[in-house]
Each structure stands twice: as C-alpha cells, then as structure tokens.
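Note sheet for the following structure.
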Amino acid sequence: TSQGTTPDKVQLEVNCISNLPNNEVEETDLLRELEMIEENLFGKELSFVPEENRNSRHKRCMGYDIECNERLHCCADLECVKTSGRWWYKKTYCRRKSG
C-alpha cells in the first residue's frame, strides 16, 4: 500500500469500485462512500472545498514558446508576441512579459 493507506482503506475502495450502482440511490451512496475514502486518504481539508470549486475546471493557458492566438491565451506571466524568423514568421508565441 502507498503511504497513509491501510489494507482496510484499500479494501473499502475495491469494494466501492466492484459494486457499481444500479440506480440513483445507489449512486448517491457510492458518492458518499467515495467522499469518505477521499477524507481518509487525503485528510479532512478536501471535505471543506465547496462543491462548485471542486468540480470547476480552470481555464487552460498556453505555456512558454507555445503558439497562441485570440482563442488560445498565454498563462499569466507570459504574453502573446509576434516573432520574426523563417518558417514561423508572422506567428505569435507565448514569451515572458517584457519590462
């Protein structure tokens, strides 16, 4: 087992996975069991995360030296800059902010 887990916790997780739900009530019960497993494995700090924050996805951003445009924005510490060069001429790439 990995650090912080016990055979009982692992067995509980295996039981949850092997007994897939057949209806909405069973799905709710399974969700509660999985939340208990998360709490046991990762601590109680996960149980305090609001539901909308836990399920929301962060917007994706382009990293350094990745092509960018008006739909694909650069990450916070980068800016979309037009480059000069050979085949990549007139394309924009994410570069570190100047100044």
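Every residue, even glycine, has its Cβ placed from backbone N, Cα and C.
Per Swiss-Prot, the residue from Cys68, Cys75 that shares a disulphide bond with Cys61 is Cys75. Matching Swiss-Prot disulfide entries to the candidates Cys16, Cys94 identifies the partner of Cys74 as Cys94. Residues near Cys61 (disulfide bond) in space but far in sequence (CB under 8 A, at least 6 apart, same chain), listed by position: His73, Cys74, Cys75, Ala76, Leu78.
In the three-state DSSP classification, Cys80 (disulfide bond) falls within a strand.
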